[in-house]
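Engineer: Next up is a structure, given as structure tokens.
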Amino acid sequence: MGWAIALHGGAGDIPVSLPPEHRQPREEALRHCLQIGVDALQGKMHPLDVVELVVRELENIPHFNAGRGSVLTNKGTIEMEASIMDGRTKKCGAVSGLKTVVNAISLARLVMEKTPHIYLAFDGAEEFAKEQGVETVDPSHFITAENVERLHHAKEANIVQIDYSTQPLQNGTKKETSVVANGDSQLGTVGCVAVDSNGNLASATSTGGLVNKMVGRIGDSPIIGGGTYANELCAVSATGKGEAILRATVARDVAALMEFKGFSLMEAANCVVHERTPKGTVGLVAVSAAGEVATPYNTTGMFRACATEDGYSEVAIWSAS
Amino acid sequence: MELLGFGSLRNPEKESQGSRAEGEKMGGWAIAVHGGAGVDPNLPLERQEEAKQLLTRCLNLGISALRSNLPAIDVVELVVRELETDPLFNSGRGSALTEKGTVEMEASIMDGPKRRCGAVSGLTTVKNPVSLARLVMEKSPHSYIGFSGAEEFARQQGVEVVDNDYFITPDNVGMLKLAKEANTILFDYRIPSSGYETCGSGVESPLQMNGLPISVYAPETVGCVVVDREGRCAAATSTGGLMNKMTGRIGDSPLIGAGTYACEVCGVSCTGEGEAIIRGTLAREVAAVMEYKGLKLHQAVDFVIKHRLDEGKAGLIAVSNTGEVACGFNCNGMFRGCATEDGFMEVGVW
């Protein structure tokens, strides 16, 4: 028992040849966000507040596909979405189609706490944001040169693509071997799960979605049970191929295996990722009420970081082996 | 928690056979439809009759289709289109109204065999949301599209579109007014609650759902689940959502795993308090206990209704790949009907 935290910055076909200038800032960012989360948990902050705090930080960092640094729709615009869930009460909040809200995850939290609803989207969500006085900016704030380039590549190849598998401005751009012609994505999203020493669990996920996605496309990140789930046993945040995560209700499935088949966190997480979803589509981070952590993925890599109260900590992209 | 009017329909013939042996007659088609959970106990008899007639008509539509060997996915779409077109229930024409007096519709559809799915939200001009959801599943690279993007997709696909007025009925205009009055008198959701209270729990008072008195609540959602002769399951759900909802509010109906789910073993469509259904990932839950606990369909439905709703009020219909059908609800009534290939057919409200 004790606190535990895990966070991710996306799973996908992250080439092991990823050049240092792309790898290091992300590793640094993961380390930074992990520290923020750890400090908060050590300061006895409630996990729901911790996951929101960490995801806000990830959203603000332009290297990940959420908030600033979100990938672009097929019209070159930004549409962000997020969801958050409290394990003990199962209260949840979600938002989609945000264009001006600096921190989508915080708006999701406000939906959870200040409305009778769970999920608000597009104009209605933006309107709610204004009513709540949350920080909003011009949409251009979220757009980075890298993502403009990625969209350009995607349009040329005429696919809806993952954001990490092409590195813009790189010589001999890596072939997107893992991109399927019908446009399924394999990467994106940031997320955080945490548990305190009282077994309170929470999960939060946020994303800009898929590069070159249709305007209005909603992925798994704001879907409770899909990209985000937390109950009294565990908290899960998933990343990868949105459509695959949705149909397999990935986040819920981890909890269901624990509950109905008595699997441990590790067994459940591994089962979902390695046996119940197609290879190359999913990664997740999860913590259990007992303070365990699991971070399995069936893609080439997953940007992640985790730590537990007994001193274990890791920041990684690929497997040790 | 006391179960109010808990109901469960199942094929009596199958039930009397006790636990069926392996290799016994498996399959045969089965179909169930619903027109919403949570019924005003004072609902005039004529309205109840109207509802039963519509459910019967829709069942028969589905039954003919199944007899002509139409696949489950086509049958659920067909039946839900009929429910959307008829103004009686809260979907398509006859949808509940947003706080601004407009209609915003959503729907989802799922095909069991490969768990393909499609969903839409925030539709304002599309005559049949369930059909657009199907097109998202089959003609787009995505699974869920909402609002202006969905409307645009609808135009690209050439589906039938009409003015938003088409969907608005005088009944619902009246209901919206009552809902607004009720909210002012009873409570204001914008006043922050002090603790983590369950969404939708308001002042203790006569029958309420989603914080509205049952008389103005308006049953949410229509849905259909089907298993065809090949054992393929499918499910579809469609709704105008919650009366007096905030614009942009998305409920459970378009959310895969919450309002709708279909996989190899079953097809499920839910209705009731959206927030409770989402929190309980209700549709997925039925499938999960069948898969992971080995429960049979009606046991799974019973379990989910009893244990997964806490204070929430909801109902669901479900079919299994072995040709069974079951319904369950923990609230005051659910408009529903079901039929199986061996001749069983039942339509009910309470």
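Any Cβ shown, glycine's included, is placed from N, Cα and C.
Predicted automatically and left uncurated, TrEMBL annotations should be read as such.
Among the features that TrEMBL reports, active site, nucleophile is placed at B:THR221. Taken from TrEMBL, the feature substrate binding site covers B:ARG249, B:ILE250, B:GLY251, B:ASP252, B:THR271, B:GLY272, B:GLU273, B:GLY274. Annotated compositional bias 'Basic and acidic residues' per TrEMBL: B:11-24, in sequence order. Among the features that TrEMBL reports, region 'Disordered' is placed at B:1-24.
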Engineer: Less than 8 Å, Cβ to Cβ, versus chain A; work out which of the recorded positions B:THR221, B:ARG249, B:GLY274 satisfy that and list them by sequence.
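Structural biologist: So the ones by chain A are B:ARG249, B:GLY274.
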Engineer: Cα-Cα separation of B:THR271 (substrate binding site) and the residue listed as 'active site, nucleophile', in Å?
Structural biologist: 6
Engineer: Rounded to the nearest Å, what's the C-alpha distance separating B:GLY251 (substrate binding site) and B:THR221 (active site, nucleophile)? Just drop the number here, would you?
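Structural biologist: Rounded to a whole number, the Cα-Cα distance is 10 Å.
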Engineer: Restricting to the record's substrate-binding residues (B:ARG249, B:ILE250, B:GLY251, B:ASP252, B:THR271, B:GLY272, B:GLU273, B:GLY274), give me the longest CA-CA distance in Å as a whole number.
Structural biologist: 16
Engineer: Rounded to the nearest angstrom, how far is the Cα of B:GLY272 (substrate binding site) from the Cα of B:THR221 (active site, nucleophile)?
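Structural biologist: Per the Cα atoms, B:THR221 (active site, nucleophile) and B:GLY272 (substrate binding site) stand 8 Å apart.
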Engineer: Highest Cβ count within 10 Å among the binding-site residues B:ASP252, B:GLU273: which residue is it?
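Structural biologist: Its Cβ has the most other Cβ atoms within 10 Å: B:ASP252.
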Engineer: By the count of other Cβ atoms within 10 Å, pick out the sparsest of the recorded positions B:THR221, B:ILE250, B:GLY251, B:GLY274.
Structural biologist: B:GLY251
